[in-house]
């Protein structure tokens with residue numbers, strides 16, 4: 001048995017070919033939810049939430065059950081994560097109990113520290129910097145609506161420094177999608193993430209565009225994406241997270257500038273009337289409910305794929 005441990009801490013942890021394999025498997029599992037049962041036994045997956053969650057918790061718990069396994073769910077208050085022992089040591093210990101660890105946490109370095117000691121896959125269920133499982137679901141949704149991903153134009157509008165913008169850049173260009181990030185002054189993506197995304201884009205032929213003009217950013221776009229203007233933990237950061245963002249709201253007028261067949265995505269929860277209007281969120285071009293469902297299928301596919309890397313079995 002091979003013992004390769006593959007983690008999914010950020011979107012570019014998957015090569016373009018590996019990402020395509022996961023998305024293909026996600027489509028298969030959506031049609032046949034119980035076709036893969038690698039956790040039969042049941043075997044366990046540790047699921048740790050240091051940040052509150054609705055979609056992530058429901059989709060991972062149900063997905064693990066459909067894969068034949070048992071989710072051991074804990075929150076940050078009921079563990080000693082990073083307090084009584086190093087995160088590396090925690091990774092070593094948890095590897096003796098479970099087959100994978102799914103962790104929704106704060107700083108990315110916490111995930112990297114645990115992964116450095118773990119002998120089982122560590123999955124980023126959301127960090128301050130990245131939200132890679134969500135972007136797998138977004139890409140699955142785009143495949144369903146658009147077919148091929150390569151060459152699609154995706155425009156994200158909002159806080160360019162949030163985890164969705166970062167993951168859309170990394171995951172999008174990995175799939176060959178041309179990604180535009182439109183954000184107000186002072187809210188651009190972190191430079192080191194842009195550098196990593198441009199490096200991956202150079203491999204796939206995709207492009208990355210950063211702009212402060214939402215009107216030109218959406219012209220001809222195949223997909224518009226937004227997220228809340230105030231992410232968890234930013235409620236009291238002292239920044240004006242309303243006024244500068246108003247021009248970046250996805251409304252019917254802005255959507256009309258995109259391609260006639262453009263789709264609209266939002267990872268949810270949505271602040272209706274802020275980053276997106278009711279008319280767009282509930283309108284015919286919105287695919288947010290399919291996108292939310294696809295969290296289940298994409299995450300199941302990811303777990304199946306990661307577990308197979310350890311055993312050498314092909315899902």
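Yeah, the Cβs are placed from backbone N, Cα and C, and that goes for glycine too.
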For this session: From 28, 104, 241, 246, grab the residue that Swiss-Prot records in the same carbamoyl phosphate site as 53, 54, 55, 56, 80, 131, 132, 133, 134, 267, 268, 295.
Result: 104
For this session: Find, among the binding-site residues listed as 80, 231, the one whose Cβ has the highest number of other Cβ atoms within 10 Å in the structure shown.
Result: 231
Problem set entry | Spatial neighbour of residue 227 (L-ornithine binding site) that is closest, considering only the binding-site residues 53, 267, 295 and their CA atoms | 267
Problem set entry | Sequence-distant neighbours of residue 133 (carbamoyl phosphate binding site) in its chain (C-beta under 8 A, six or more apart) | 8, 56, 123, 124, 125, 126, 295, 298, 299, 302
